[in-house]
């Protein structure tokens, strides 16, 4: 073989075209082993662990008996935040628009501080089963129902997204059918979530989160070596402007700015981390507020690490494309398929069979953990908030336990059916993302009104939530429609370093032709809904809510406003909590959901006889 042929072959190997794919035997072995390990804990706990305990009731199934360990819960919190969407979407965002998005880690940190000092003390003091139960105590059951329905609608549309992204990555790497992959995901995750409840979810989340971190760390490290080292990546990205985080433009129309990432990211993640049932359910599963705060701190560190690793993978992919000579047929503007292609490229250059399998196992782990967390939270909301809180319907504990499992299974199947719709209508992904911001901002606004604005009653809370949801929905759907018609911010300059590319950028819509509210960055949609909810709710509450209709118990308000509360609130401090304890003491003990052995007899007075 001539030197020219060898050189051409070497250059072909080093060239990153962003269309790579393929799965070898080593990849299948690594993927299968890690997936089996990640799900084994949940399946074992579902099949074996529940039998070692004589009785498991509805609270134990949904809240883990409020005796979960701190570290597994913290890992489960990370799993609720970091899904396959984060792992695949963040590198593509960095590749196209630079590192400015990385500043969102500042917003996440501030969000955790606010959650620990403003919202968490209220939930831990009242010891509620559902975060939305607070809204009934503070306002009424109709406010609780509004928030619960918003949550369920949000999560029903989020579930197929969680399934679709790992299935799409698997399809790109192996060619397997997206529906078949999604069906396997739902079958595995639905099985251990239905049978094992929160305990199985948390422990499985812990393993899956660990595998996810292993996969992303290996890709970041191997990718750095494949490109030529840290210095090469920094030099290439600095020259192209992708390393800079100095854009502090105040315009809300710029896709990525420092203010958007920090302030917008702070408000956005406060909406999710503070009152969302998926997160609160894990906080209150811990035995004390101190442990909940420790779990929140671990979550903060883990989220920052995950975002930072994904950002670095995006920078490494850009450097690989430039250093490889900018493949003429390559697309400088890429989508969520960037990272799977980069992983395949790194595996080929570094001769690392199995790397793509480990990476895909991490993506699947992130998807499965997010899916199980949402399914379990939806079951709790359906039973505690809709059935108990709103409809005032109580069944036998055994029936309620079976109903909770049926809700979990139904949502799992529904998410799989919606996967068919998403693959046919790609715009549904944008609509689902928009609805997520709508529900999160308006719900967080309702809780904030309840915990901080003592003059606001049910009318103010509902009026604020409706106004916030309408504004956020209008802006969200409007921006999605504008994007579908071609209103997109072009990627950062690539021609300077890649003059030989034949890629022709698409023709973008003139921004001046679009209504201003439909041009704002996605960072500001949730904050806009939150601010609208707070402003409208505060005014309507002041004008329309009767003072006597507002319960004044200091424990229903965040400690941040205790000094501002009327004296009556301090005089009544603890009344709500004592009433809850009294009702719990008067209620008959729960009867068994699962009886481990026939010899264990459970009497109605709660005493066992043998």
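Cβ coordinates are placed from backbone N, Cα and C, and glycine is handled just like the others.
The transmembrane segment annotation in TrEMBL covers 69-89 (among others).
The transmembrane segment annotation in TrEMBL covers 101-124 (among others).
The annotation transmembrane segment is assigned in TrEMBL to 145-170 (among others).
For 176-198 (among others), the entry in TrEMBL reads transmembrane segment.
Among residues of the same chain six or more beyond the transmembrane segment (210-233), those with a C-beta under 8 A of the stretch's C-beta atoms are 34, 37-38, 75, 79, 82, 87, 302, 305-306, 309-310, 312-313, 315-317, 319-320, 323, 339, 342-343, 345-347, 349-350, 352, 355, 358-363, 365-366, 369. What TrEMBL lists as transmembrane segment is 210-233 (among others).
The transmembrane segment annotation in TrEMBL covers 253-272 (among others).
Sequence-distant contacts of the transmembrane segment (293-321), counting only residues of its own chain at least 6 positions beyond either end whose CB sits under 8 Å from a CB of the stretch, comprise 16, 18, 70-71, 73-75, 77-78, 81-82, 86-87, 90-95, 99, 101-102, 104-105, 108-109, 112, 115-116, 120, 209, 212-213, 216-217, 219-220, 223-224, 226-228, 232-233, 236-237, 240, 242-243, 282-283, 286, 327, 330, 332, 338-339, 342, 345-346, 498. Annotation comment: TrEMBL describes 293-321 (among others) as transmembrane segment.
Under 8 Å from some Cβ of the transmembrane segment (355-382) lie the Cβ atoms of residues 22-24, 26-32, 34-35, 38-39, 42, 62-63, 76, 79-80, 82-84, 86-88, 129-130, 132, 148, 151-152, 155-156, 158-159, 162-163, 165-166, 169-170, 173, 185-186, 188-190, 192-193, 197-198, 200-201, 204-205, 207-209, 211-216, 218-219, 222, 277-278, 281, 339-340, 343-344, 346-347, 403-405, 407-408, 411-412, 415, all in the same chain and six or more residues away from its ends. Taken from TrEMBL, the feature transmembrane segment covers 355-382 (among others).
Summarising the annotation, TrEMBL assigns transmembrane segment to 402-422 (among others).
The transmembrane segment annotation in TrEMBL covers 428-449 (among others).
For the transmembrane segment (461-483), the residues of the chain that approach it from at least six positions outside its boundaries are 135, 139, 142-143, 146-147, 150, 427, 430-431, 433-435, 437-439, 441-443, 445-446, 449-450, 509, 514-515, 517-520, 522, 525-526, 528-530, 532-538, 540-541, 544, judged by C-beta separation under 8 angstroms. As annotated by TrEMBL, transmembrane segment applies to 461-483 (among others).
Sequence annotations record features per position, and here TrEMBL assigns transmembrane segment to 524-544 (among others).
Annotation source TrEMBL lists region 'Disordered' at 581-610.
Annotated compositional bias 'Basic and acidic residues' per TrEMBL: 600-610, in sequence order.
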Original post:
Would the transmembrane segment (145-170) count as touching the transmembrane segment (524-544), if touching means at least three Cβ pairs under 8 Å and pairs must be 6 or more apart in sequence?
Top reply: no
Original post:
Taking 69-89, 402-422, 524-544 as candidates, which has the most Cβ pairs under 8 Å with the transmembrane segment (253-272)?
Top reply: 524-544
Original post:
Who are the long-range neighbours of the transmembrane segment (69-89) in its own chain, taking Cβ under 8 Å and residues 6 or more past its ends?
Top reply: 161-162, 165-166, 169, 201-203, 205-206, 208-210, 212, 216, 272-273, 278-279, 282, 285-286, 291, 294-299, 302-303, 306-307, 310, 336-340, 362-364, 366-367, 369-370, 373-374
